[in-house]
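Working notes for the structure below.
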Amino acid sequence: MKIDGHTRLAAVIAKPIKHSISPFIHNMAYDLTDTNAVYLAFEVDRENLEQAVENIRLHQMLGANISMPYKQEVITYLDELDESALLIGAVNTVVNQNDRLIGYNTDGLGFFRSLSNFHIKGKNLTILGAGGAASAIIGQAMLDGVEKVCVFDLRDRLAGHQERMGQMSQRLGHPIQLLAVEDLAALSDAVNQSDLFINATGLGMDGKSLPIPSDFTFPKGLLVADMTYCPAETPFLRLAREQGLQTVNGLGMLLYQAEKAFELMTGKKMPSEEIKKALIEKLEI
């Protein structure tokens, strides 16, 4: 990597973010594509978010990725939203186009690209969690023609999600069922009617926690996914695998959302398969 007077800067903005693998992905992509840029991780407090976003313009950065907990809040500070970000109501990529900050959402595209040989059109989806990344997956599923969407979260969080999910449902013209994960009968019923079941809660990152009971029974033929990539197999995925189901972790989503963000910021195609091999080696997956 060379650093000179022409080097451009990009970053990921979030809190916490020191654990992020995004700098590894983007800096490797810059090296492989001979792009004179460097990608850093910025851990930003909420009261400094507006200034951090304005710095993208001030320092003529290529752009920035936005992670939790700022995917909705960042919208206030942008000049324009792409259609997917507008429909979903969350942004994970900001691109500096001639001093105009444009927000995109590549999370949903990245997730569904990671599901090889699976297409959501006409199928049913059940998802645990309703945060920014979950919203992106739900929104992309509706754009891609999903038949039925059931979202489960803790009962005391439902009121906080109601307005945002309602707005997304209205914008996309598709109903969303928002239910309490404590209602095990409703959860079991929804999963039994589903083709895809996703854990988007973050539970399982510790290698121990489960978002569902340990005696939960999955229906045959269900595809089970977890947005977590470390550990490579969460307890949620292990439970599904032990019942003979196909499982997918979050590594592909991480890579392919970055691929689209890289393309938006640089205009170049990311050498994704080479980077994927390096990621697997780095994470010892």
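Glycine too: its Cβ is placed from the backbone N, Cα and C atoms.
For Ser22 (shikimate binding site), other Cβ atoms within 10 Å of its Cβ number 21. Taken residue by residue with DSSP, Ser22 (shikimate binding site) is part of a helix. The shikimate binding site feature in Swiss-Prot is assigned to Ser20, Ile21, Ser22, Ser67, Asn92, Asp107, Tyr229; the stated evidence is sequence analysis.
If you take the C-beta of Lys71 (active site, proton acceptor) and look for same-chain residues 6 or more apart in sequence within under 8 angstroms, you find Ala90, Val91, Asn92, Gly131, Gly132, Ala133. Residues annotated as active site, proton acceptor in Swiss-Prot, with sequence analysis given as evidence: Lys71.
DSSP assigns Ala133 (NADP(+) binding site) to a helical segment in the three-state reduction. Look at Swiss-Prot and you will find Glu83, Gly129, Ala130, Gly131, Gly132, Ala133, Met227, Gly250 tagged as NADP(+) binding site, backed by sequence analysis.
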*How long is the line from the C-alpha of Glu83 (NADP(+) binding site) to the C-alpha of Asp107 (shikimate binding site), rounded to the nearest angstrom?*
14
*When the Cα of Gly250 (NADP(+) binding site) is compared with the Cα of each of the binding-site residues Ser22, Ser67, Asp107, Tyr229, which one is closest?*
Tyr229
_Neighbourhood of Asp107 (shikimate binding site), C-beta criterion under 8 angstroms, separation at least six_ = Ala90, Asn92, Gly132, Ala133, Ala136, Ile137, Gln140, Met253, Gln257
*Including all protein chains displayed, how many Cβ atoms other than that of Gly131 (NADP(+) binding site) lie within 10 Å of its Cβ?*
20
_Neighbour count (Cβ, 10 Å) for Met227 (NADP(+) binding site)_ = 26
